[in-house]
Amino acid sequence: MAEPLRRRGPRSRGGRASRGARRARAARGRCPRAPRSPTRLIPDTVLVDLVSDSDEEVLEVVADPGEVPVARLPAPAAPEQDSDSDSEGAAEGPAGAPRTLVRRRRRLLDPGEAPVVPVYSGKVQSSLNLIPDNSSLLKLCPSEPEDEADLTDSGSPPSEDALPPGSPWKKKLRKKHEKEEKKMEEFPDQDISPLPQPSSRNKSRKHTEALQKLREVNKRLQDLRSCLSPKQHQSPALQNTDDEVVLVEGSVLPQNPRLFTLKIRCRADLVRLPVKTSEPLQNVVDHMASHLGVSPNRILLLFGETELSPTATPRTLKLGVADIIDCVVLASSSEDTETSQELRLRVQGKEKHQMLEISLSPDSPLKVLMSHYEEAMGLSGHKLSFFFDGTKLSGKELPTDLGLESGDLIEVWG
């Protein structure tokens, strides 16, 4: 903004004594004042703020002169030592000449007159070697993306003849050729030609080779793992005998067969005997014979209506904990009846467990069989009825009269 000129009015006049004292003090410390000049004609200064990119300063811009009355300016005091440029410019005139108030302002420049200042230094600008805008170089640039990919893969700069004489690329190509010639002179036997790029076939071959190596490593690791396994190794003779696998049917017996409690019912008693599943029933027969005080030949074991062989085992018979075996004690026979003609007849009661096998001579009446059954089953005094093939027996019949044979069944109802 322009600063308006200040007009100084006349000082207030005091008494004579004070004015004389002030003049005396001014005479001692100041230089003699310049004589006051009458009203002068000075040009009207136009105050303008100027903006410039340079460091030059212009004192003032003078417009059309006009007469402006200026008030009387007092003579300035002795110039003091100041670093300001305004004070130095004001003190340069002669002591007797009147001083003019000078105000420095910046010059407003036209945009076309603004000086061009480089942004980069000379060193930075020399390193920026840009490709010049030349039509010969533009012809070398491919227009299709496939050609661009081929050009980037090759990575070779344009030829030296296609470049303009002042191009930096030409200097670089010349230096590169000189280096290659030096290398050829130093190592004449060494082949410094660029290596050919691997084709897709070579890449696939390398891929298959890598897969083969991985398979070999996996196979070796598996072999090593089998060698370190805690399993027992068989001899090579046993391993290479036959490649066939033979399946053997049937259950394999465990090393330690388990024990279970076998229930044996004899008359009104129930005997619990711990036996092994692989143990034959002959041990049960011997135990029951010693328990009853009879000969083992007189002990008969029955499971339902089936006579059990002494050589059978609980595993083969599939006996469980809930199954019950009946033990029958056969009656003792006389010497004349111990012949090969004796009949072994089965007598079955109303209940399933009331079954007894009795040996009887063909000449003996059936009354003997009935009384023997009543004693063995503890049913003495009970009214029982015996039937053979639906015919009720009175006890007076003989086996030969009825045509009985060994293994025939006589039913008992009571």
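A Cβ is built for glycine as well, from the same backbone N, Cα and C atoms used for every other residue.
Swiss-Prot lists 1-42, 63-118, 139-208 with the feature region 'Disordered'. The compositional bias 'Basic residues' feature in Swiss-Prot is assigned to 7-33. The phosphoserine annotation in Swiss-Prot covers SER54, SER83, SER85, SER87, SER121, SER193, SER199, SER309, SER364, SER385 (among others). Sequence annotations record features per position, and here Swiss-Prot assigns compositional bias 'Low complexity' to 68-79, 90-100. Taken from Swiss-Prot, the feature SUMO2 cross-link covers LYS123. Per Swiss-Prot, the feature coiled coil maps to 170-229. Look at Swiss-Prot and you will find THR311, THR313 tagged as phosphothreonine, backed by similarity to another entry. Residues or ranges marked as domain 'Ubiquitin-like' in Swiss-Prot: 343-414.
SER364 (phosphoserine) and THR313 (phosphothreonine) are 36 Å apart (CA-CA, integer value). Counting in whole angstrom, SER309 (phosphoserine) lies 30 from SER385 (phosphoserine) by their C-alpha atoms. Helix, strand and coil counts under DSSP for the domain 'Ubiquitin-like' (343-414) come to 16 helix, 24 strand, 32 coil. The most densely surrounded of the modified residues SER309, THR311, THR313, judged by C-beta neighbours within 10 angstroms, is THR313.
Comparing the modified residues SER364, SER385 by how many other C-beta atoms lie within 10 angstroms of each C-beta, the top residue is SER364. According to DSSP, THR311 (phosphothreonine) is assigned to coil rather than to any helix or strand.
SER364 (phosphoserine) and SER385 (phosphoserine) have their C-alpha atoms 19 Å apart, to the nearest angstrom. For the coiled coil (170-229), the predicted model reports an average pLDDT of 74. Note: the CA-CA distance between SER385 (phosphoserine) and THR311 (phosphothreonine) rounds to 36 Å.
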